[in-house]
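Enquirer: Let me begin by handing over the structure; questions about it come next.
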Amino acid sequence: MEKKLMRIGVSLPGELLDKFDKTLMKRGYSSRSEGIRDAIRTYNQHYEWMQQIKGARAATISLVYDCSKKGITSTLAKIQHEYIDLITSSVHFHIEEDFCFETIILEGEGEKIVELAEKILSLKGVKHSRLTTMPEVKTE
């Protein structure tokens, strides 16, 4: 079966595109299109992995966000209060004048952890984010 390629248009900030192009060159990609296809495959694999997180888990959500963006700090606090039963701790510090780094430590049901992560990771103003999980360790 022949795979048909689709042409799409994407708008990106110039700085992000420049960094992407430099990364592609360093990694030896033959074209920007191949790099974008690889990035989309990785994104889709990560999403599929997140959908398989089930059962008791320990996890962290780490994020960098633009704290000067109107409403993001209060929105993050509101979301965290909605999931207070999962959150065991959080660490927050300022890495630049307008950017904060936060790590939220979680313990609970995998499906609820993913639900919380998706709410946070999709916020406008979140520049980098990562969900990391591991099976909950039980001592008997």
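Every residue gets a Cβ built from N, Cα and C, even glycine.
Below, the features straight out of Swiss-Prot:
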- His81, His92, His94, Cys100: Ni(2+) binding site (BINDING)
Enquirer: What same-chain residues, at least 6 away in sequence, bring their CB to under 8 Å of the CB of His92 (Ni(2+) binding site)?
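Expert: His92 (Ni(2+) binding site) has long-range Cβ partners Cys100, Phe101, Glu102.
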Enquirer: Specify the secondary structure state of His92 (Ni(2+) binding site) as given by DSSP, simplified to three classes.
Expert: strand
